[in-house]
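Visitor: Sharing a structure, written as structure tokens. Questions coming.
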Amino acid sequence: MSGKLFIILLLLVTPGEARKSFLRFLNIQNPEMLSFTKPEETVIVRSSYEGKRPHSSYLLVKLEDPTVLQVVNVTKTSLDFTDFTINLKTFPGETNLTMQLWESEGRQTRLIEEITNIRVSVFRQTEDSLFQEPIHVNSSVFLLVLLMILLNKCAFGCKIELQVLQTVWKRPLPILLGAVTQFFLMPFCGFLLSQILGLSKAQAFGFVMTCTCPGGGGGYLFALLLEGDVTLAILMACTSTSLALIMMPVNSYLYSCLLGLAGVFHVPVLKIVSTLLFILTPVSIGIVIKHRMPKKAVCLERVVQPLSLTLMLVGVYLAFRMGLVFLRMANLEVFLLGLLVPVLGFSFGYSFAKVYLLPLPVCKTVAIESGMLNSFLALAIIQLSFPQSKAYEASVAPFTVAMCSSCEMLLLLLVYKAKKRPLLSTENEKAPLV
């Protein structure tokens, strides 16, 4: 029965359709997406089609928007293969093009192959371009910073007590509060405030994506420096990054529809997964060291604070260096929203934790994890989601939030340490002399 069915299906397919289905003659480097930056560009398409007569095939290029692309000419060269060279004039914007391979047989023409919906993005690198002034980092320095980050995360793992970890899992209220704040309240507030302040669609989406990002690596650093619950901070960071696998695509789709930008974005799930693994792996190694080699764990715990401060300063320096270009595009409304986003996260997290009468270290941690967002993950999503001409405008949001949240946390840390010092000196004076 199956053999007869297969023969019937073959009889229903004409030879021309069979050739078109199973044979591909045109070869282009990236048939889904082409990116251009120069006023004049060249695309080479290779054809492996051998016609009945030599030089009988030709390439036809159809443009969806002639204000973005214009075909100057198409030249053909034939050696072992046939190469079609398409010379184009480009203008900033986005469009689609279609390539058709035709064969002429006397007065008749026959379509051999067609490639449709080739996405083309054209942008210009101006003096405000991110790549105009690249940051040159020596490979040895980069490797040193990477090793410091891994060592720092491993040292944080050494500070985790399994008993505390089990307690947190049995009472997951702080994690739930952080998740609700990060993935529901913050994106909505980012969307609402961006509409109130009248930001462009690209900037509004940039703020929404920044607000829906999970807590960044700086959360448990400040939890340590502000005497919060470090174990809870690390657990919240891991949990929120895991939830982001679902919530970031959902929020991306929802708010892009509300902004009228549906169908434009691609959320890099692998980037989120790699971030999660980057947090989990060295932290897990630190937990193992804590219980297998407690003496070495004590040594690692001693370097947590100085190493964390060093990495924080390096991060602030790099953020300012990279963000200066983006900040030239920022206006007063963008700066205002960049200042408000972290404050809202801190306020929501701390208020919810206080309402449920959680201990003070837990309240601090929930507030920090709700306000310290992984803005650079939002930047990566924007760079992959937008055409380059719009990516710079949208990237203003995560850089502004990253720098504002870092400055606000540093200011809070200085105030906290300044208030704590008189209290310590007063306690020392009251202590009885032996």
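Note: Cβ is positioned from N, Cα and C throughout, glycine not excepted.
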Visitor: Identify the topological domain of Asp80 and of Lys417 in Swiss-Prot, and say whether both name the same side of the membrane.
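Guide: Opposite sides, per Swiss-Prot.
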Visitor: Pick from Asn96, Asn138: which does Swiss-Prot describe as N-linked glycosylation site?
Guide: Asn96
Visitor: Check Asn96 (N-linked glycosylation site) against DSSP and tell me helix, strand or coil, would you?
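Guide: In the DSSP reduction, Asn96 (N-linked glycosylation site) maps to strand.
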Visitor: Would you identify which of the glycosylation sites Asn73, Asn96 has the most other C-beta atoms lying within 10 angstroms of its C-beta?
Guide: Asn96
Visitor: Might you confirm whether the transmembrane segment (173-193) is in contact with the transmembrane segment (396-416), defined here as three or more C-beta pairs under 8 A between residues 6 or more apart in sequence?
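Guide: No; fewer than 3 Cβ pairs under 8 Å.
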Visitor: Applying the under-8 angstroms CB criterion, which one of 196-216, 332-352, 366-386 scores highest with the transmembrane segment (233-255)?
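Guide: Between the candidates 196-216, 332-352, 366-386, the best contact partner of the transmembrane segment (233-255) is 196-216.
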